[in-house]
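What Swiss-Prot says about this one:
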BINDING   Thr55, Ala56, Gly57, Gly58, Asn59, Gly60, Lys61, Thr62  ATP binding site
Amino acid sequence: MIEKIWSGESPLWRLLLPLSWLYGLVSGAIRLCYKLKLKRAWRAPVPVVVVGNLTAGGNGKTPVVVWLVEQLQQRGIRVGVVSRGYGSKAESYPLLLSADTTTAQAGDEPVLIYQRTDAPVAVSPVRSDAVKAILAQHPDVQIIVTDDGLQHYRLARDVEIVVIDGVRRFGNGWWLPAGPMRERAGRLKSVDAVIVNGGVPRSGEIPMHLLPGQAVNLRTGTRCDVAQLEHVVAMAGIGHPPRFFATLKMCGVQPEKCVPLADHQSLNHADVSASVSAEQTLVMTEKDAVKCRAFAEENWWYLPVDAQLSGDEPAKLLTQLTSLASGN
């Protein structure tokens, strides 16, 4: 229902307009206060890059963060990552992730980013505290990438990158809750780069698509072409589950059943195993896999995806960030 409201298919969005105007008024006032320096943002001693979005829901932001961190690491840059840690329940904040940190403590995306990149990752509702925690333990870090947080103006930033879902784009264009917008589309004029996940990019936007890798068994780490798996049940607890199901079909997999879950939904063995029989093969997203490794069965697999950016702009962006991190 919420997708139909936000896309404009359902007329119910009109009933929510008063709340949307209030949301827009408050969020605009907050940004204006920081712009006019009525409120002061904290500036880190190293450059900060924000990877965020203008809309609620999944846009492919986390794969972009992983791509950015890995690309900078390949250029010899030491990167730290901070996140709010949505859904996390740590005993105290900031929390610096370790190999033993669970998704319940830190949230799904921070654990995924930590496991994929081996970069220092810290979570805190106050992102400046997360930055301080990383720099205290890793003083050699040269640049901070913040996963989400475009609207978290308490943290000063040097570069802003926005990720857009190229198919859904901005829906009906209204602020939450009548539409999907955290900020209006005009905000794109002030950011440094716009990355479009799928769809048809517009002038000045960087095209991106998610490239699936080999399926990985949660228990053994065995890898294989996902099309070799039989009697597949697909499960996705991400912002937009249909994107994952479409990716599987693109890989030649016709799932016997698709199980969409809420983004950041907590998972346990009983709930997951109820979705798949012993004769079937469960294929989930990597984001779900980080929550299921501790209790995985032998017929559970996940399909990792990597962000692939096209054109000349990604190289220019990386050159800019490398120079920034190097102090040039």
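Glycine residues also receive a Cβ, built from the backbone N, Cα and C atoms like all the rest.
Feature map: Swiss-Prot annotations on the structure.
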residue	record	Cβ contacts under 8 Å, 6 or more apart
Thr55	ATP binding site	Ile164, Asp165, Arg168, Phe170, Gly171, Pro180, Met181, Arg182
Ala56	ATP binding site	Leu176, Pro180, Arg182
Gly57	ATP binding site	Asp165, Arg168, Pro180, Gly239, His240, Asp263
Gly58	ATP binding site	Asp165, Ile238, Gly239, His240, Arg243, Asp263
Asn59	ATP binding site	Asn53, Val163, Ile164, Asp165, Asn197, Gly239
Gly60	ATP binding site	Val163, Asp165, Asn197, Gly198, Met208, Leu210, Arg243, Ala307
Lys61	ATP binding site	Val51, Gly52, Asn53, Asp147, Asp148, Val163
Thr62	ATP binding site	Glu109, Leu112, Ile113, Asp147, Lys287
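Within 8 Å of the Cβ centroid of the ATP site, not counting the listed residues Thr55, Ala56, Gly57, Gly58, Asn59, Gly60, Lys61, Thr62, the chain contributes Asn53, Val163, Asp165, Gly239, His240. Asn59 (ATP binding site) falls within neither a helix nor a strand when secondary structure is assigned with DSSP, and so counts as coil.
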